[in-house]
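Working notes, beginning with the structure itself.
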Amino acid sequence: MTQSLTILGSTGSIGGSTLDVVARHPERFRIFALSGHSQTAKLAEQCIAFRPQYAVTANEAQAAELRAQLAAASCHTKVLHGEQALCDIAAAPETDGVMAAIVGAAGLPPTLAAAHAGKTIYLANKETLVVSGSLFMQTAAQSGARILPVDSEHNAIYQVLPPEKGYLKHNGVQSIILTASGGPFLHTDLADFPAITPEQAVKHPNWQMGRKISVDSATMMNKGLELIEAHWLFNCPPDKLETVIHPQSVVHSMVRYADGSVLAQMGTPDMRTPIAYCLGLPERIASGVPPLDFTALSALTFETPDYRRFPCLELAYQAMQAGGGVPCVLNAANEIAVAAFLAGRIRFTDIARTVRHCLEQDFSGSHHSLEGLLDLDAAARRAAEAFVQQVAHR
Ligand code: NAD
Ligand code: MG
């Protein structure tokens, strides 16, 4: 039976990798809907190649532009725009699976809509779990939505956890070990950190990713967000989560068992592997990823992360332990700070300062509803933006 898919954020890095895997298996998958926020020409190309029923853009002007491009190619995809349309394509009865690959908290409403509708959710948008972990997991449990982790670490963990994943202790799991590459500045002199440029920060040594997650990898906020993601996905207490730096990104993560066994998942660092794993389940399907060549690897090394080098990791760990609405504040502040850094407004080292400043404020807003979380997110963004304006160096 062919599976009908909605890809939220199809014009991004994960979206493109997903379509690459889908194109290898035309008999298995059919695209129901695609969405893109800014690259209308790319979205048009994807519509022409995959012929979805719907495509969603950010606004009316882009929708008009896309309609014109599709008409010229005799492509009958219907074009919608805006957040409600994203929620509609995520929850539509015609779709079976939803790839959640929008970046940032913007992905939350449609991903939550897919959870309400009981879809199979291929979750790349880790911010959904950081911002609304409790609400999202509860919603999925109530509707019967299935969540399959696309993030490479969580996908690795999912592959090596025992099949009964409810409560880790009863399965003999001692801890979960998230591996981290350490990003491009693992060995950079700390004195040089303030001068790091956006171009240097987005140049990840092992992975090709969108700009926001690339900066998150350079600050290791990405690993912090992933700790919170693992906490919710695997119902794992914070003190059972370990982080280890593994610069080669070959071991994608590990699970430590009570008998001393450690199970790891390995592979060439390419997101098409976890994507194909999720889409193919329970079967293993081809992903186009080159096989891992062990003889070409010089060494696999591991080291402890240093919080002086990566203060964002510590801030995220604290936010996870605090719980409630604190991870939502962490995420919002980080999104504002990373955008300001990428725009050349603040220094690399100001990212952690902005996040720390926001974590020290008191914000009202309930984390039990989407509306409450969106209020909290907005308040934290305002505080972060005010701080950015104070420290902006040009
Ligand atoms: P990207 O920047 O390459 O793509 C983001 C996508 O989201 C694009 O299609 C863009 O048009 C869309 N988008 C951006 N802002 C939007 C908004 N406000 N509303 C609606 N759509 C919007 O990002 P990416 O690297 O593909 O990452 C996507 C998600 O997957 C992120 O949450 C990231 O943390 C996660 N992830 C990515 C990778 C990776 O290798 N790229 C790995 C693990 C997890
Ligand atoms: Mg990851």
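Here, residue 1 is simply the first one shown, and the rest follow in order.
Any Cβ shown, glycine's included, is placed from N, Cα and C.
Model, not experiment: these values are computed from the prediction.
The annotation in TrEMBL ties Asp151, Glu153 to Mn(2+), and of the candidates under consideration, Glu65, Glu226, Glu242, the one tied to the same site is Glu226. Binding of 1-deoxy-D-xylulose 5-phosphate is attributed by TrEMBL to Ser152, Glu153, Ser181, His204, Ser217, Asn222, Lys223, Glu226, and the same site annotation extends, among Lys119, Lys126, to Lys126. TrEMBL names Thr11, Gly12, Ser13, Ile14, Asn125, Glu127 for binding NADPH. Of Gly182, Gly183, Gly210, Gly224, the residue it gives for the same site is Gly210. Relative to Lys126 (1-deoxy-D-xylulose 5-phosphate binding site), the binding-site residues with Cα atoms inside 10 Å are Asp151, the candidates having been Thr11, Gly12, Ser13, Ile14, Asp151, Gly210.
Taking a Cβ distance under 6 Å to any atom of ligand 1 as the criterion, the binding-site residues Ser13, Glu153, His204 reduce to Ser13.
Taking a Cβ cut-off of under 6 Å from any atom of ligand 2, the binding-site residues Gly12, Asn125, Asp151, Glu153, Gly210 reduce to Asp151, Glu153. Annotation for Asp151 (Mn(2+) binding site): spatial neighbours Leu123, Ala124, Lys126, Glu226, Glu229, Pro274, criterion Cβ-Cβ under 8 Å with sequence separation of six or more. Across the structure, Glu127 (NADPH binding site) and His204 (1-deoxy-D-xylulose 5-phosphate binding site) are spaced 20 Å apart at their Cα atoms.
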